[in-house]
Amino acid sequence: MQAQERIILALDVGSREQALALVKDLAPHVGAFKVGMQLFNSCGPSIVEEINQLGGRVFLDLKFHDIPNTVAAAGRVITRLNCFMFNVHAAGGREMMRQVVEEVKNEAKKLAVAAPLSLAVTVLTSISQEQLEEEIGVKGMKLKDLVVKWALMAKECGISGVVSSPQEIEAIRAACGPEFKIVTPGIRPAWSEKNDQKRITTPGQALQMGADFMVIGRPITQAANPVEAALKIIGELEE
């Protein structure tokens, strides 16, 4: 995989115009564009089609979590939209994950297209050990152990990989093997402003830990020259 293919640019912007301007400039320099709840709910499914038309691939970050039939039906729609990746909550359980994987595979075969990569979200990065125990009710298990348990469960269900914080990359890689995809959000090059993050993981560090893809937003989108910022990160990954 080439260095630029590892970069997923987070389109955390408020309008179609802002998003498509970034896609036009950066499609040759990144592997995919992350469309999250804000942009998707603002623009609808057409934003995925427009990004594809501009030569970009889409990671649809909607974190599906519902009964198996409902999530499987969503998987069919995502396949028709020609998404590159999408994600579901591992907490939805084995049957939900199995059904969406099967539905996506069948729909892709019917349409003669590549099936999108399916990713599981394990424990949200905003959840602390205390919240896991007191609010969610999971007691007697370390957060990292639960992340690895759910990653293994997702793999057994045919899910392609996980979205993981940098802190769990190495444990997931050791448990799930080299073919299981790991997508890591919140990556920031050392030269970028840290904003509200006290600790950062750089693209190079994430790659060394075992990440396949890294989600990067503000260090590129808010740079004076986004293309130059992307090229600088590509250079770091190639070192």
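Quick reminder: no glycine exception, Cβ is built from N, Cα and C everywhere.
Summarising the annotation, Swiss-Prot assigns substrate binding site to Asp12, Lys34, 61-70, Thr125, Arg188, Gln197, 217-218 and lists sequence analysis as the type of evidence. According to Swiss-Prot, the active site, proton donor annotation covers Lys63.
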Rounded to the nearest Å, what's the C-alpha distance separating Gly217 (substrate binding site) and Lys63 (active site, proton donor)? Just drop the number here, would you?
18
Cα distance, Lys63 (active site, proton donor) to Asp12 (substrate binding site), nearest Å?
15
Restricting to the same chain and to sequence separations of six or more, state which residues have a Cβ under 8 Å from that of His65 (substrate binding site).
Val71, Val88, His89, Ala91, Gly92, Met96
Using Cβ atoms only, which residues of the same chain lie under 8 Å from Thr125 (substrate binding site) while being at least 6 residues apart in sequence?
Ser165, Pro185, Gly186
Highest CB neighbour count within 10 A among the binding-site residues Pro68, Gly217?
Gly217
Other CB atoms within 10 A, centred on Lys63 (active site, proton donor):
17
